[in-house]
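Working notes for the structure below.
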Amino acid sequence: QEYTGWMDF
């Protein structure tokens with residue numbers, strides 16, 4: 001999972 005700065009669903 002890449003970090004988007006928000007919750008990864």
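Note: Cβ is positioned from N, Cα and C throughout, glycine not excepted.
Over in Swiss-Prot, the protein carries these features:
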- Gln1: pyrrolidone carboxylic acid (MOD_RES)
- Tyr3: sulfotyrosine (MOD_RES)
- Phe9: phenylalanine amide (MOD_RES)
Per DSSP, three-state class assigned to the residue listed as 'pyrrolidone carboxylic acid': coil
Cα-Cα distance linking Phe9 (phenylalanine amide) and Tyr3 (sulfotyrosine), given in Å to the nearest integer: 11
